[in-house]
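A.B. asks: The following feature annotations were taken from Swiss-Prot:
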| type | residues | note |
| --- | --- | --- |
| BINDING | 165-172, 190-194, 212-215, 282-285, 315-317 | GTP binding site |
| BINDING | SER172, THR192 | Mg(2+) binding site |
| DOMAIN | 1-158 | domain 'Obg' |
| DOMAIN | 159-334 | domain 'OBG-type G' |
| REGION | 353-407 | region 'Disordered' |
Amino acid sequence: MFFDRVEIEFQAGKGGDGCMSFRKEKYVPKGGPDGGDGGRGASIVLEARLGVNSLAQFATRKFFRAEKGGFGMGALRHGRKGREMRLFVPCGTSIIDAKDGFVIKDLTQVGEEFVICRGGKGGHGNARFKTPQNQAPRERELGQPGETRHVIMELKSIADVGLIGKPNAGKSTLLSRISSARPEIADYPFTTKYPNLGIVDVDIERSFILADIPGLIEGASEGIGLGHEFLRHVERAGLLVHLIEPTPVDGSDPIQNYVAIREELQHYDESLADRDELVVMTKCELDPDGEVREQLQAYFDEHPANHARDLRSISAATDVGLKELVGEIMTRVAKRREEMIEAGITPTLIRQDDAPVTPKKERRLPPHKAAATGGLSDEVQAQDIQGAATLSDTGKVVPGERRDRSS
């Protein structure tokens, strides 16, 4: 199941308590204090990871507590640090304070991480309190508690382009035709129940991310239908592709449908209504005479706006206009990326090649399984291991002849 909003409480690990101990050793009178410090509690880190597409792992667990630090011990032995708790979230996750509602952090880049709660500091042992005036201190410190945070995590998909429109307008079909995404497609409204993302490869060097959200209906901004729950997924999109069906199955007017969606965007977020928009009439094979297209174009000519520069017609069934549409989208996306770079903003690119390379740890065999010369070079083996024991033909161990290093 798809989860894009969860409420979680995090608690970092408590620091370990300091130890009160005195050195007790034979022939060492008045050994003095030797209590070690407690270890620092574990912190909780959130990391944006490629391949994580939902907040489902947080849906059934509402409280995360990190490991405590170890207690200090005698002989000046410090407690061990708590093991860091690292949790992976999708790129585009916003961390919001549940009490005040302000955004604490936006994780938008692959590999970006944020320490949501820091572990408590370990307490000092009594050895720390030794002074010339107090040679045998009998005091220590308790470990400090770890930070606690109650947050809401919201997933806002990292998409360059957002597909919007009425239910059954052909959004999922278009996504499946121009990308490798395979959303559920059927001939009834509200087939799409959660957002789908697809990467559209224009050529070897150019690509963009397309987000398909459930269809919007009148009253969506007030909680009617499904689309209002997922409008946040197009908030980051710099371009909206508004799909219009020429002959809606419910017999509604395409122009009125377009106006209704625009009003819902305005009610949800005024910045979305002012976003760059490309209007596309889908299923053009159902309008062979071009009558609906002429009506739509006439409406846009009478109501000029920045968001409706022109009208395009496509057919996902016959591939009419798809190549031209993808080219136009790529041009607008590239222009926006250039504007972001000029403004000092790094565009978010989610590709497999962008993922941070994690060095592989060398696998070491336990001593009882490792060969006698497995960790040595051939040169060392030849010079220093000539005296190694060998097996005779009878299966008995025959000691080798040890070489004199001085010779």
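Note: Cβ is positioned from N, Cα and C throughout, glycine not excepted.
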A.B. asks: Over all shown protein chains, what is the count of other CB atoms within 10 A of the CB belonging to LYS171 (GTP binding site)?
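C.D. replies: The Cβ of LYS171 (GTP binding site) has 29 Cβ neighbours within 10 Å.
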A.B. asks: When neighbour density is defined as the number of other C-beta atoms within 10 angstroms of a residue's C-beta, which of the binding-site residues ASN168, SER172, SER315 has the lowest density?
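C.D. replies: SER315, out of the binding-site residues ASN168, SER172, SER315, has the fewest neighbouring Cβ atoms within 10 Å.
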A.B. asks: Using the alpha carbons only, what distance in Å do you get between SER315 (GTP binding site) and SER172 (Mg(2+) binding site) once rounded?
C.D. replies: 13
A.B. asks: If I take every residue in the domain 'OBG-type G' (159-334) and average their pLDDT values, what number comes out?
C.D. replies: 79
A.B. asks: 10 Å Cβ neighbour count around PRO214 (GTP binding site)?
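C.D. replies: Its Cβ shell of radius 10 Å holds 25 other Cβ atoms.
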A.B. asks: Can you grab the distance from LYS283 (GTP binding site) over to SER172 (Mg(2+) binding site)? Cα atoms, rounded to a whole Å.
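C.D. replies: SER172 (Mg(2+) binding site) has its Cα 13 Å from the Cα of LYS283 (GTP binding site).
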A.B. asks: So if I draw a 10 Å sphere around the Cβ of LYS283 (GTP binding site), how many other Cβ atoms end up inside it?
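C.D. replies: Looking across every protein chain shown, the total is 22.
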A.B. asks: Enter the number of other CB atoms within 10 angstroms of the CB of GLY165 (GTP binding site).
C.D. replies: 26
A.B. asks: Going by DSSP, is LYS283 (GTP binding site) part of a helix, a strand, or coil?
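C.D. replies: Its secondary structure by DSSP: coil.
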